[in-house]
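*Asks:* Handing you this structure, nothing more for now.
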């Protein structure tokens with residue numbers, strides 16, 4: 001194996017699912033359909049949240065941010081995956097790999113912080129309903145959303161730079177379907193213990209800490225919901241939080257199992273499956289979860305459809 005400077009590397013081979021060639025075409029169809037559903041679902045939520053004035057609230061402002069995030073998240077990985085599944089030469093350029101690494105890290109970290117921000121919004125709505133409009137004013141919402149995106153991209157600049165500074169050994173074969181930090185660390189010519197420790201630290205910072213804040217928020221929310229006398233009131237309160245809680249469990253459960261578990265003989269395949277779930281499947285499911293469980297969004301869709309039919313008539 002040759003240890004070279006990154007400037008001489010032109011491309012990487014992404015093995016993806018080439019060890020199971022019979023599955024490549026079925027997987028191509030599945031990922032293509034899931035990508036189309038992800039685009040349609042998230043664009044629909046963004047559109048209805050923008051067009052329906054009743055959804056111009058902090059909750060749907062943050063949901064629009066989450067939909068935009070999921071849309072970008074899948075777009076930075078799925079098109080390249082589809083190309084590799086369809087072609088015999090499964091490669092990605094060095095520049096494409098760097099861009100994919102940077103965006104995947106940035107968007108993943110942003111989602112970690114944004115989900116915590118959304119739990120804070122639900123905490124204020126249920127535990128401080130009389131002060132909700134005063135606390136969650138437009139300026140604070142913009143600041144919280146901006147802080148989520150800024151922290152995600154700042155972390156990505158730091159972690160991507162540290163990863164790309166490591167000398168790499170050929171052949172430049174990545175046993176994954178995307179350029180992710182753990183996969184690139186395996187190509188390094190030097191000891192990666194320090195880099196793995198930094199990755200673990202970042203994972204604790206952006207996975208465990210936001211998750212703990214979410215759990216604390218929901219502990220107070222559950223305590224407040226149990227005080228509600230009417231069954232209808234409790235059901236409505238659970239309805240506003242249930243969708244977000246499901247999304248949190250799906251995202252954090254898979255992300256933590258990817259970055260905070262020690263390496264094992266099965267970690268290679270586990271890494272692919274986990275990345276598939278939180279990078280492709282979860283962004284597709286999120287719009288369905290919010291649409292199916294949220295009465296306000298259902299009603300907004302009905303109003304939008306009725307408005308379209310009236311215009312046509």
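Glycine residues also receive a Cβ, built from the backbone N, Cα and C atoms like all the rest.
Heads up, TrEMBL stuff is auto-annotated, nobody curated it.
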*Asks:* Tell me which of 25-48, 169-192 corresponds to the transmembrane segment entry in TrEMBL.
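*Replies:* Within the set 25-48, 169-192, TrEMBL attaches transmembrane segment to 25-48.
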*Asks:* Check each of the ranges 222-241, 242-261 against TrEMBL and return the one annotated as transmembrane segment.
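*Replies:* Based on what TrEMBL states, transmembrane segment spans 242-261.
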*Asks:* Within the same chain, where does the transmembrane segment (200-221) have neighbours whose Cβ lies under 8 angstroms from its own Cβ atoms, ignoring anything closer than 6 residues to its ends? I mean 6 or more beyond.
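*Replies:* Residues 109, 112-113, 115-116, 119-120, 122-123, 126-127, 151, 155, 159, 237, 241, 245, 248, 252, 255-256, 259-260 contact the transmembrane segment (200-221) from elsewhere in the chain.
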